[in-house]
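Notes for the one structure printed next.
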């Protein structure tokens, strides 16, 4: 095949799940339901974090940012996937593909950094309870949130720029959106040098945060085990356990996708792993953080009763 030129008028074909046509109607219904629940659940968390004064704390400030990320993260891919599953149009322009790649990487990278910030917040709350509000003051929280978004977009800019500098051959992507590993498989030239640079960037944005989070939770576990009250232990482990579950789900799929060689990456398996972290994880976050959280449930009931009384 000849070299794929750089015109934004060119288009890619997203193969999606067309290899399993009998599966597409089932996936469409499943994904549409989960996408709707994701929009609803994360919007509720953002609204409650703003409306209820009891949730004006660092933990819920960062949780509202996580919900906003999940909303944008899943919306960057799911509408395109639903159109793809209908079989109406499986193409995406080159410009649209680059934009999707950049936005998706930026939001995913931002979440990687934000989860570290949330782990630091839990460390301060559990290990430095008397100084917690002095440490996590509003200005620091705002700075950490801005830094998370900034780091994510800078990482995406670097990786997208490296990918766009490579000559591409062909126009068929064996995926349901423009994901980096599949995109790199279209490269005509030797990508070893570019892959090495990207791998370093991925280690910094994925592996380093995992190490920092695990380190913070080692200190948290030690502090919790020194608590004499069983109720206090359960509360601390419950709150931190929710965060660790989110970390495990998100980073597990990210490590599988981005910390392996392009040559060993399986496109078929990659599509189903991508379904997990673009569809399942964003809906699990509001459930994990709210099902056992009395503050959020209390704020929700308060808003509902207020609306009922006003009606």
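Any Cβ shown, glycine's included, is placed from N, Cα and C.
According to TrEMBL, the domain 'G-protein coupled receptors family 1 profile' annotation covers 41-289.
Look at TrEMBL and you will find 26-48 (among others) tagged as transmembrane segment.
TrEMBL lists 60-81 (among others) with the feature transmembrane segment. Sequence-distant contacts of the transmembrane segment (60-81), counting only residues of its own chain at least 6 positions beyond either end whose CB sits under 8 Å from a CB of the stretch, comprise 14, 16, 31, 35, 38-39, 41-43, 45-46, 49-50, 92, 100, 103-104, 107-108, 110-111, 114-115, 117-118, 121, 141, 144-145, 148, 176-177, 274, 278-279, 281-282, 285-286, 289, 295.
Here TrEMBL flags 101-120 (among others) as transmembrane segment.
Sequence annotations record features per position, and here TrEMBL assigns transmembrane segment to 140-158 (among others).
Residues or ranges marked as transmembrane segment in TrEMBL: 199-225 (among others). When Cβ-Cβ distances below 8 Å are used as the criterion, the transmembrane segment (199-225) is approached by residues 109, 112-113, 115-116, 119-120, 122-123, 126-127, 151-152, 155, 158-159, 233, 236-237, 240, 244, 247, 251, 254-255, 258-259 of the same chain, each at least six residues removed from its ends.
For 237-259 (among others), the entry in TrEMBL reads transmembrane segment.
The transmembrane segment feature in TrEMBL is assigned to 271-291 (among others). Packing against the transmembrane segment (271-291) from elsewhere in the chain are residues 16-17, 31, 34-35, 37-38, 41-42, 44-45, 63, 66-67, 70-71, 73-74, 77-78, 81, 174-177, 179, 242, 245-246, 249-250, 253-254, 256-257, 297, 300: each is 6 or more residues past its ends and has a CB under 8 Å from a CB in it.
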Item checked: Cβ-Cβ under 8 Å with the transmembrane segment (101-120): same-chain residues at least 6 beyond its ends -> 59, 62-63, 65-66, 69-70, 72-73, 76-77, 144-145, 147-149, 151-153, 155-157, 159-160, 163, 177-180, 183, 205-206, 209, 212-213, 216-217, 243, 246-247, 250-251, 254
Item checked: Segment-level pLDDT (mean, integer) for the domain 'G-protein coupled receptors family 1 profile' (41-289) -> 86
